[in-house]
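Asks: Handing you a structure now.
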């Protein structure tokens, strides 16, 4: 390893250098920063004098290739395109300049002694940001250019049509200080001063994930926040994060976006992260086997650089005090052996590694094959177009070109932003899992309020998160239900020997189950809380749901409070110890089954966690909203007034109110703590710790019905127009029709959830059919005629072995929920992302192909049951594409014969083998489907193999069209 700091690399005698980037061909590098008179400067340098001492001493070898002073403000970011043809520079003047080398010779720079050896000209100037631009990034294949600005937005530019904007990504509430692409172009990541990192899908430019937990304690003290993706696409490493009060670089796992690992050791905030562009390999000296790994460099405000291997637990090297000021940017060479870093002190550092130290890079083909294996696509396939093929029939060639043109037009139309649809006047279906807070915090807390329309971003409406923020609880409690359990006990059994623990329950603690069993949420939600928060969870573990003795007897709320005899929930000092120690009977997992035997040896089974609401929560009431008037809120204040601890004292009061524009419309009080709450445009519903269900008119606050007494404690509550769904801890699902005042369904779903996973959400379709989503990714719907539950999609064991590209779902906007019910539901499970990070069994290629076909057939069956024409057409098309790719002509004929109809088909297959003699399938015209699927043959790479199949069925379609005339 060699470390150099060439003194001749500077901007006007020591002015700050904010960015550096090495050219892909390794011949030059560019720096961006301050120039004369507060302007911006971009300098293209020759790399040879930096790498080789003999060239540095040779006066004939130029050091500066070109100096560009066109920016009117400091240049904050310079990036070469992946192909090396263009250079993008952006700065405080709110513009991005795209540079390209011209054939003209250089010349002297006006007002300077510098002589340009090369000539670089501006081919495009991109304007669109309203503030300083802090970072830019080219997508794999140079399809797009992303820019991040202090105007809180990210703009995606079309590199084929400067200065066309593909999309403006809005969602951050603070300065966006860094952007990066994943290596296959499926995701874009942005990090901002709003203490969040967003991952955007490039298919529809919506939010895939919003990560806030690791950044909750971060301050806006860094000039830039440059994250980076690993070259294998498995990990994303953020800039400035915090863990137990210390600065870290957060490691985010692509599979599930888990945040349970980080890089530690720096004394001050991380400013920039940059992965070596190559996947590296080295022979393990102990085992003698090749080990593949990635290498990442991290720069910090503590003026140091650390370099890590993903295969090692400690850094490869740490260089302390390399600069006199913050490290602002890092760049690796394409060979992987050279690293450059720049600082605010105006200097550049160059680090050179040997192959023995850094390892050998995988070849481009090996990297592309790895990407194809993991994701079904690579940077090469992302950028390349379909190769031309030879068509025997010239007419087929013409049709092929027309189809390619039509496909491009359709793709462009999909890029046009669609206006947000008006908020529907019914309870949400697709947005029930969305959770957001005003300050961007999200943390694991047991909050169980069902989804509310209009919550922040519809993009990530299918993932749940948690927060402890007290500023806007509405977007927390609205979404996720995962807690522990308490057995359901009938009201006529003898009093239990168990009594109430007097330890207070905090709103941020994990909820407790029966007899002191406390919850532990699934590990996929990220890092576990610090030890002091875990101790709070254990202290509170005996305080939820233990008033067995008093709940079994007829009583009023006042009587219950008198018998409890415990101090206010927030008064921990006055809490006496519980009469009996907690039983070790309960398991810590929320999905485990707890069996509790009463004095009469009656078994009561709790399968699901009990719901719990924090002390203060705000729920956004769905309805029409505007930018000027904030939406109305339903405010729940538990322990609004604590009751007396002595016998005969007053009960605790829990306040519920409706508020809009800081004006309270109505107020009501409950005498039992609210555990779940939900609201629609007409109705508000609450469940309480005393197993009661309260239903109010949302406009007046009047009770629509007397309190309903539930058979057990609630685990989740969902309100849909005039329907209320309650899921209790013993896995009993109950549905009421408020309009007709009758019960629609009451049955146990224990067989679906016991020993499997927790319930993610319960929904109801527009036809009134309940839908159950589990955290494992399974989705179930109830068939009224069969009186049983049907699995929608496919189970995880099959998904793990299916080719990843075929588990991807089509994009689904929240407004498409009715037209695409299957896609909408499966999107919310977050289990059909096509990721291969899940452990995949080693099976033969033939078995994988067979299971892929099984998977697609299962999706078709689910779409048929839901009567979804859009979903059925999508998966039938995927099946056709699968058969075309694998060259399965016989199976294609079976489908084509069915679409063509038995009377027209020339196939020798028996007509009984045809799916149907009807002209349509789920309102999809068979002839139109056949025409569309035939066009897929034209677009396939192996169309030459199937062109005769195309000609055969195309002729029959054309003949049928003539006969119809």
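Cβ coordinates are placed from backbone N, Cα and C, and glycine is handled just like the others.
From TrEMBL, for reference:
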COMPBIAS  490-512  compositional bias 'Polar residues'
COMPBIAS  526-535  compositional bias 'Basic and acidic residues'
COMPBIAS  575-587  compositional bias 'Pro residues'
DOMAIN    7-358  domain 'CAF1B/HIR1 beta-propeller'
DOMAIN    701-899  domain 'Protein HIRA-like C-terminal'
REGION    486-597  region 'Disordered'
REPEAT    68-100  repeat 'WD'
REPEAT    126-158  repeat 'WD'
REPEAT    169-200  repeat 'WD'
Asks: Can you give the mean pLDDT for the domain 'Protein HIRA-like C-terminal' (701-899), rounded to a whole number?
Replies: 83
Asks: Should anything in the same chain at least six residues away from the repeat 'WD' (126-158) have a Cβ under 8 Å from its Cβ atoms, list it; otherwise answer none.
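Replies: The answer is 73, 76-77, 79-83, 85-86, 88-92, 94-98, 164-170, 172-181, 183-185, 188, 190, 192, 194, 200, 202, 205, 223-224, 226, 379-380, 382-384.
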Asks: Based on DSSP, tally up the residues of the repeat 'WD' (169-200) by helix, strand and coil.
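Replies: Counts, helix then strand then coil: 0 helix, 19 strand, 13 coil.
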Asks: What counts of helix, strand and coil residues does DSSP assign across the repeat 'WD' (68-100)?
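Replies: With helix first, then strand, then coil, the repeat 'WD' (68-100) has 0 helix, 19 strand, 14 coil.
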Asks: Just to be sure I understand, if DSSP states are collapsed into helix, strand and coil, how many residues of the repeat 'WD' (126-158) fall in each?
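Replies: Helix (H, G, I), strand (E, B), coil: 3 helix, 20 strand, 10 coil.
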